[in-house]
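See below for the structure under consideration.
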């Protein structure tokens, strides 16, 4: 794999992907039970203690009294343990950090609807978007196959990669089918996009220059995420598999199996693992890459269409049964479940819940946002211990909310709107505008910044 050169196609087709091929599939099918036992053997407190000791040992080796940048997430994992006390016990000076999840929800005020900025540029419904780690740029993509890079401050289009028509794949630099997902690396070097044509395109984020494409998925690519702090890319597909790639080396690594239906969403943070939502197989899965195992979670009654990690231990998901769920990695059932989270629609005899089409979490906080086609985005507060989801307020937005992202600083929220759902054309909202909405999240005066 390391021998492939830039601009060449990278394919994973050479690996046998049938359920009967190799022992990897068989091992992962029995892994959830074993993994569950493993979780029970090591309590969260023991795990945090182990990570804290590992972190402090790294500090000793570096001869530093401050944490290296690459250890930020390891430090976050040990924060709730009380690192000051632990540091003194082990003879290492550490910086004091808050021992609880920052309650940023208490600081956020409902925005003035007139202050919402609307960015127009895509012809068809927006399906996905990402914000650069420095919060200066937004990348968006749509069903027309186009990609646009926006400047947050001015709202200007800095770069437009147009989509091509079906049948022009050989001549077209970019996509010729609906783009369903995108991801940006934590150093802002690479942008990855995935489409219904089974392709993953890799771009230089600064210039929008096309670098290469990955092939190998056998159906639409529906989820992408870079492992934080690395150039390792995870991709999920309607072919029910997860693939792992090394973007810097232009290389395919491996394929993971387990879901029994199409995968609709994927996310990851710093650990070498990712989480996926499994559509109508009714499962959320945590893939532990080094251990070659997976954890399986059940809770929704409909198709699970979106998922995002809140921190390394908790995640939020949404389904077409109208429910949103909060999960902890040590419990196989939701810690909190809200049914009909956006209400219902239809006639009295044929009422059905609004589908949850997008979820977002402000990393390492208690703030969550959900989107549907209910004419609003709803913000939620995660209660103590992530065992409650309490509604905060609604932000009026007309159309299908197909993508939601918080800025890293938490001072704004971006929504990708469309006249149609990201994955299909079940309804059409004619009065909706295919647009990007930038929503400023004001903080109450007198509150300290918890980030």
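All residue numbers here begin at 1 and follow the chain in the order shown.
Note that Cβ sites are derived from N, Cα and C of the backbone, with glycine treated the same way.
According to TrEMBL, the features are:
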REGION    1-46  region 'Disordered'
REPEAT    119-160  repeat 'WD'
REPEAT    172-213  repeat 'WD'
REPEAT    214-255  repeat 'WD'
REPEAT    256-297  repeat 'WD'
REPEAT    297-337  repeat 'WD'
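Note on the repeat 'WD' (119-160): residues 174-184, 186-188, 191, 193, 195, 203, 205, 207-208, 399-400, 402-403, 405-409, 411-412, 414, 416-422, 433-438 of its chain, located 6 or more positions outside it, place their CB under 8 angstroms from a CB of the stretch. Here the repeat 'WD' (297-337) has, by DSSP, the following mix of helix, strand and coil residues: 0 helix, 21 strand, 20 coil. Here the repeat 'WD' (214-255) is broken down by DSSP into helix, strand and coil counts: 0 helix, 25 strand, 17 coil. Helix, strand and coil counts from DSSP across the repeat 'WD' (119-160) read 0 helix, 22 strand, 20 coil.
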